[in-house]
Amino acid sequence: MENFLLALNVVLPIFFIMTLGFLLKKIKIVDEHSLNIMNKLVFRVFMSTLLFLNVYNIGDLSALSMDNLKLLGYAFIIILVVLFIAWLIYMPKVKDKRKLSVLIQGVYRGNFVLFGLAIVDSIYGKEGLATVSLLTIVVIPTFNILAVIILEYYSGREISKLKLLKQVFKNPLIIATLLGISFIVLKVNIPKPVYKTLSDISKIATPLAFIVLGAELQFGNMLKNIKYLISVNILRLVGNPLITIGVGKLIGFQGIELVALLSMSACPTAVASYTMAKEMKADGDLAGEIVATTSILSIFTIFCWVLILKNLAWI
């Protein structure tokens, strides 16, 4: 019951904020024009600031142990494996490339920043957060770089390798992550007033992103995309953690390491995937529907995963 309440406490606020966005659109406080502007703000300013601070707050990288490096290496490889499996499943069946890129992204890219820390904190407390924070170094850049490549490659526009590389390094989320890593490596200390300002700005990112997402939801479209939504939810919430945790256990990860991998693989699709899909002219409606449905269903799947792993005495 405690594990179910954990999932509920993480997901219910998201549901309420999305409902607020839906109602704001219904009573015409926001329209398509204002939502597009808000989406740009989230993507280019608020989400970027949030990612920068998440990386910057990791602190000293010199304390990395061999076990830490093994976990980081595994996280990177398993993300690629899950992405490749999603590509193998969807590539032959989905002819609309704008949908294809969104479906692949929906399977491999989780809401790690929002859900990861909450899951670990509830199971291991504050002492477990360091391991998950370390994963941010690999997981966040990998998620975002792969997303830019996939969305750009399947955009339907003619693209060269050089242009693709430029798109990767022009992406605000990637710039923010690399900037955060640079600050750690160069041991740059941000003055308290500046840090407080950045912290306040970053707090806008997640609620505003979910307000925009809720306002953009079209339930008629959800019925049209139902077969895609069912498959993505199964792959994201069941298939991804099954592969990530199963292989991780075989390799020898246990305890806090498995919980860190659970937080990376079992969380719903990242809200940034919707923001980025809209910005890069992919199927933003489908991306939003994937974020919404995986967020709601994850209440039950996260509870089940925690219960199963606890009963197996793996965590």
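Note: Cβ is positioned from N, Cα and C throughout, glycine not excepted.
Features of the protein shown, as given by TrEMBL:
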- 6-25: transmembrane segment (TRANSMEM)
- 41-59: transmembrane segment (TRANSMEM)
- 71-90: transmembrane segment (TRANSMEM)
- 102-124: transmembrane segment (TRANSMEM)
- 130-151: transmembrane segment (TRANSMEM)
- 172-189: transmembrane segment (TRANSMEM)
- 226-245: transmembrane segment (TRANSMEM)
- 251-274: transmembrane segment (TRANSMEM)
- 286-308: transmembrane segment (TRANSMEM)
Quick check for me: are there 3+ Cβ pairs below 8 Å between the transmembrane segment (102-124) and the transmembrane segment (172-189), leaving out pairs under 6 residues apart?
no
Same-chain residue ranges lying at least 6 outside the transmembrane segment (286-308) that approach it to Cβ under 8 Å:
3-4, 6-8, 10-12, 14-15, 18, 99, 102-103, 105-106, 111, 115, 119, 123, 213-214, 216-217, 221-222, 225, 228-229, 232-233, 236-238, 241, 245, 262, 266-271, 273-274, 277-278, 315
The transmembrane segment (41-59) touching the transmembrane segment (130-151) per 3+ Cβ pairs under 8 Å rule:
yes
Cβ pairs under 8 Å only, please: of the recorded stretches 41-59, 71-90, 172-189, which one is richest in them relative to the transmembrane segment (251-274)?
71-90
Is the count of Cβ pairs under 8 Å between the transmembrane segment (41-59) and the transmembrane segment (172-189), pairs 6 or more apart in sequence, 3 or more?
yes
